Amino acid sequence: MDVTRRDFVKASAIAAAMAAAGGSLAACASKSDAGQQGAGDTQTHTAVCRFCGCGCGVLVETKDGKVTAVTGDPDNQSNRGLNCVKGYYLGKILYGKDRLTTPLIRDDAGTKGTESGLREASWEEALELVSTKLRETWKKDKSRLAFWGSGQQPITEGYLTAKFWKAGLLSNNIDPNARMCMASAVVGFMNVFQTDEPAGCYEDFDNADVFITWGANMAEAHPMLYSRLTAHKLQNESVRHIDITTMKTRTSASADKVLLFRPGTDLAIANCVANYLIQNKKYDADFVRDHLQFKMGTENIGNAYEDGYDKSDLGKSVDKTTACTFEEYAARLADYTLEYTSELSGVSVEDLTDLCEVFADPDLRVMSLWTMGVNQHNRGTWMNHNLHNIHLLSGKYGKPGSTAFSLTGQPSACGTAREVGTFCHRLPADLVVANEAHRRYTEAVWNLPEGYLDEIKTPGYHTIKLFREMSKGNIDFLWSAHNNWAQSLPNLTRFLGEDGEHTGIFDTFIAVNEVYPTLTTQYADVVFPVAMWVEREGQFGNAERRTSVFEKAVEPVGDAKWDVWVLLEVARRVLEGETIDGEDAFTRLFGFIWDAEKDDFNGDSREVNRAIWEEYRTFSNPDLNERAAAINAEKKLKMEAKQLAPYDEYLAHHGLTWPVREVDGQWLPTKWRFSDGKQADGYDEVGIEMYGDKGLAGGMSWYKSADHKPSVVFRPYEPPAQEPSAEFPFWFCTGRLLEHWHTGTMTRRVEELDRALPEALLSMNADDAAALGVNDGDMVQLTSPHGTMQIKVSLAGRVEPPSGMVFAPFFAAETLINRVVQDYYCPLSKETDYKKTCVSIKKA
Amino acid sequence: METTTFGAIAAAGVAAGGIAVCFAGNGEGLLRPPGAADEADFRARCIKCGRCLEACPYQAIRMAKGPTGAETGTPVIDARAQACRLCADFPCIAACPTEALHPVSARDEVRMGCAVINRDLCIAVQGMRCEVCYRACPFIDSAIAIGASVREGDAIHAVFEPLIDPEKCVGCGLCVQRCVVSDPQVAIEIVRDYGEARRRIDEEQAKHVSNPWAG
């Protein structure tokens, strides 16, 4: 029994002892191999951590149908048995006390936004209700339905969902939370190289001379990779790490040099480097000659303050580029002198020069690393361009250790959202709906009549558009899975209808696949309890293009079901009576894994996954499909650029980085794309032989790029969407911290992790706190033009913002920082800027 | 094993030899509120009035329990349940009528004790990216810093080991409250006597902790 001060004052003596905190759950992570010495029914399965984009391998031990231990996988070449504290307690996420095990239905929409109102229901009732609502909406007005997915959705699940939405419903209203995470990186890669995802790999960490983190707190957000970066530094005294950031983080604390810049001016810093290289003739002239083409893009593109921005003349023009000469490009850069950039950014001329010299030194291998600071940026795509620009101009691309490496946030943002293409404008394997040849190719793989997908040639609603429309009452049906949008979206004051004006959320029929009650389930009309992590087999694709399988280790808890089963049960009902080419539509699309008579899968979890994978893999192996192969050849799609291996190869190898090439009967991964060398050593030998050119500068050949030449596009500095004012004088930056994953719905249910970081705190500069009369631990009211919320201040220094800036993590539902965050996005990628909302702060 | 220290800290020295000592809890092991001097001084002054408990906004200060004994009823802090949050104005000290809690001029002047990490239990020492105590520490990079070394048997990963600086650690116990390890016991504790703490830190550093995952 706890003793409070009141007890003390009132009572004389209390003898009860307080039990120490602790007690272990069944899923306690074990650090020994004792589990393997137990009873004969202990089994070990290989899996991948389901949190961040690092993609650490783990081993899952089970006994009597429960996960008993999760340990790092020593055979996994990405992490060699290492985990962060989240991964260490991974097994416990399965067994939180309030796991959802029964379908739930809300009868009274008036209870939305509260913790009550959901009742238990049968699967049949829940499936019928959702299917009926979806079919009704679909038949009435297809523009009023949507699916919101995730970079945490396994590959085969994302693939089937996209197939149902795009081919089954002929709707492009499907987008993932990866839109809010990686979209700026995607558009950057596509614009520059015409193919998505980094060309490098984790082995680049072992070969770099200089690491540059651009607005990335890797020490906390990518724990395992930061361990790798640090190990390389420890073993090589000359290796340096420069942290370019708007606030001091744990990453800055261990960097050799910190460049603190004014928010948004990273665009200018990168251009300053480019200008320095050209002015001082220290760019790689051979590289420029052999590889690069130069362009100008639309400028003065404003911001998406209004819902109609995308359709405005300006909004429609943002993707346009025109070719220019190297000299014209250089002329536009000339403004970005060291002095001008220093004045704009706040970084000293000396520090800028040091940075420029890193790129100017032909002997240094430089690895740029970035993630949300660059991507969640009102000019996120531009900043991605500018990073590629300086690596291309300096020739620091392709050699191990020299690369521009975009870190990914989620375990399968690459594998599922990006490679499968669960976006409103995409199709699988880098194909897009707007391109006729891409639609023809997709029709071939999906066995659809030619022209069938022409109905979806116009992209649907991207994430913010979708939720803005929903808030205005223009969405009748929303289905979401593997995300918690009612906590993670920006501008929740609007999207949750708290402004009294945008109350569409209360009228939209919302179905949610979930494993725990969340803020999102509080708005759901139906909650489907689904299998979590290793309760089914799945696949993730991590930041280095490594596809890995996590095996099914246990059955789903209670009456929870695999997402694919739920999807197909809904698809079967919605598509009833529909035909494609005279054949039953459901059978045409999903008959290869579904037994209509049994009304269930035609195989076990492994067999179904394998079958889906083999169809999906056809996108990158056109030879598996005659019709697809013909289109690939005729339209020069080069679909093999992302070649994937047969399913069982991934099981045998603990993951493989694509493109995976068949050489002498063996499937070999590619570590360095577009870089010539032996396939067996991880270079892109097969790809270059097939489509590329040999003997070019740096041994590179960007065979997927137009004319085999990546595009260097001039992207100027333009200011953030909001800037501090007398009314809202502080920048508010948001993000993730090591102990919790995203909205905390899993990690906060692990006692140890909740103990480790129990509340979201506002990190503030000590001078600002003093000026406001605020002490460590005081509650403050944070207000933006969008909303207001209360949060406790920390001056402890874990994150140390400069004066004029504050930071808070988004894991705490009770704090709900996204009530105040702006929903303005990069006009090209439509990814929101979570880093630069302007706020006022006063003591609460 | 080569160790590099991030930030400016006085790295703990490595003592030769040393035998692990079982440290039994007794009156001298109790964590007292900020401002308390040694146990003899504290006991001589504390009148068990409870005002420091009332003053604590975090309810970190509790009454020592026990069937008998002089320590029953004296104020203690169970850091695992609620650590001292080092209020800037020290309301507990201000409330003490007998100077059992002596005035303290600043937060970093507090000397409640010193944290000692049990390296056999600490998962960061084994290579996991934990360091929860380090990030929770109100004197981050000072009282607790990170010593990085290459992981044994794994050249591509580093160990991020939290290292305590007895010169800077004030013994607030927030690291103890936040530590993720509880079985068989918490991997970090506050030792009130700084000399004893130094001795134990040296002893811990002299230990070789193997990494069970190293291939």
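Every residue gets a Cβ built from N, Cα and C, even glycine.
Pulled from TrEMBL:
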| type | residues | note |
| --- | --- | --- |
| SIGNAL | A:1-26 | signal peptide |
| DOMAIN | A:42-98 | domain '4Fe-4S Mo/W bis-MGD-type' |
| BINDING | A:CYS49, A:CYS52, A:CYS56, A:CYS84 | [4Fe-4S] cluster binding site |
| BINDING | A:LYS86, A:GLN152, A:ASN177, A:CYS181, A:GLY264, A:THR265, A:ASP266, A:MET372, A:GLN376, A:ASN484, A:ASP563, A:ASN818, A:LYS835 | Mo-bis(molybdopterin guanine dinucleotide) binding site |
| BINDING | A:PHE810 | substrate binding site |
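Cα-Cα distance from A:CYS49 ([4Fe-4S] cluster binding site) to A:GLY264 (Mo-bis(molybdopterin guanine dinucleotide) binding site): 33 Å (rounded to the nearest whole number).
Within the same chain, the residues at least 6 positions away from A:GLY264 (Mo-bis(molybdopterin guanine dinucleotide) binding site) whose Cβ sits under 8 Å from its Cβ are A:HIS377, A:ASN378, A:ARG379, A:TYR717, A:PRO719, A:PRO720, A:LYS836, listed in sequence order. Here the binding-site residues are A:ASP266, A:ASP563, and the one ringed by the most other CB atoms within 10 angstroms is A:ASP266. For the recorded [4Fe-4S] cluster site, residues A:CYS49, A:CYS52, A:CYS56, A:CYS84 set the reference point as the centre of their Cβ atoms, and the other residues of that chain within 8 Å of it by Cβ are A:PHE51, A:CYS54, A:GLY55, A:ASN79, A:ASN83, A:LYS86, A:GLY87, A:PRO223, A:MET224. The Cβ of A:GLN376 (Mo-bis(molybdopterin guanine dinucleotide) binding site) lies under 8 Å from the Cβ of A:MET180, A:CYS181, A:SER184, A:GLU831, A:THR832, A:ASP833, A:TYR834, A:LYS835, each of these being in the same chain and 6 or more residues away along the sequence. Mean model confidence for the domain '4Fe-4S Mo/W bis-MGD-type' (A:42-98) is a pLDDT of 94. The DSSP secondary structure for A:CYS84 ([4Fe-4S] cluster binding site) is strand. Between A:CYS56 ([4Fe-4S] cluster binding site) and A:LYS86 (Mo-bis(molybdopterin guanine dinucleotide) binding site), the C-alpha separation comes to 11 Å.
A:ASP563 (Mo-bis(molybdopterin guanine dinucleotide) binding site) sits 21 Å from A:CYS52 ([4Fe-4S] cluster binding site), taking the C-alpha atoms as the reference points. In this view, A:LYS835 (Mo-bis(molybdopterin guanine dinucleotide) binding site) is surrounded by 28 other Cβ atoms within 10 Å of its Cβ, with every protein chain counted. Filtering the binding-site residues A:CYS52, A:CYS84, A:ASN177, A:GLY264, A:PHE810, A:LYS835 for a Cβ under 8 angstroms from any Cβ of chain B leaves A:CYS84, in order along the sequence. Taking H, G and I as helix, E and B as strand and the rest as coil, DSSP gives the domain '4Fe-4S Mo/W bis-MGD-type' (A:42-98) the counts 10 helix, 21 strand, 26 coil. A:CYS52 ([4Fe-4S] cluster binding site) counts 28 other C-beta atoms within 10 Å of its own C-beta, drawing on all protein chains shown. Less than 8 angstroms from the CB of A:LYS86 (Mo-bis(molybdopterin guanine dinucleotide) binding site) sit A:CYS49, A:PHE51, A:CYS52, A:LEU738, A:GLU739, A:HIS740, A:TRP741, A:THR747, A:LEU753, each of them six or more residues away in the same chain.
Cβ neighbours of A:ASN177 (Mo-bis(molybdopterin guanine dinucleotide) binding site) (same chain, under 8 Å, six or more residues apart in sequence): A:TRP148, A:GLY149, A:SER150, A:GLY151, A:GLN152, A:GLN410, A:ALA417, A:THR463, A:HIS482, A:ASN483, A:TRP485, A:SER488. The Cβ neighbour count for A:CYS56 ([4Fe-4S] cluster binding site), using a 10 Å radius over every protein chain in view, is 29. Under 8 Å, Cβ to Cβ, and six or more positions away along its own chain, A:CYS84 ([4Fe-4S] cluster binding site) finds A:CYS56, A:PRO223, A:MET224, A:LEU738.
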